[in-house]
Amino acid sequence: MKTLLVFLLLAILVAVLIGNIQVEACKDLTECSAGNRCMHGRCLPMLG
């Protein structure tokens, strides 16, 4: 059961990473969702 859970988590992580790579580069704050900011062409979560 733990092996299946780990496999699913890894699959989700890979899917998210692939999705982030395919997203076009952002140019300003309005292109990112709430809680994120545009930095170096990518929407990154705001820390702090």
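Sequential numbering from 1, following the chain as shown.
Placement of Cβ uses the backbone N, Cα and C atoms for every residue, glycine included.
The annotation signal peptide is assigned in Swiss-Prot to 1-21 on the grounds of sequence analysis.
The disulfide bond annotation in Swiss-Prot covers Cys26-Cys38 (among others). Cys26 (disulfide bond) is surrounded by 18 other CB atoms, counting those within 10 A of its CB over all protein chains shown. Cys26 (disulfide bond) falls within neither a helix nor a strand when secondary structure is assigned with DSSP, and so counts as coil.
Residues or ranges marked as disulfide bond in Swiss-Prot (evidence: similarity to another entry): Cys32-Cys43 (among others).
Under the three-state DSSP scheme, Leu47 (leucine amide) falls in the coil class. Same-chain residues at least 6 positions away in sequence with a Cβ under 8 Å from that of Leu47 (leucine amide) are not found in this chain. The leucine amide annotation in Swiss-Prot covers Leu47.
On the backbone, the CA of Cys32 (disulfide bond) and the CA of Cys26 (disulfide bond) stand 7 Å apart. Cβ neighbour count for Cys32 (disulfide bond): 17 (other Cβ atoms within 10 Å of its Cβ, all protein chains included).
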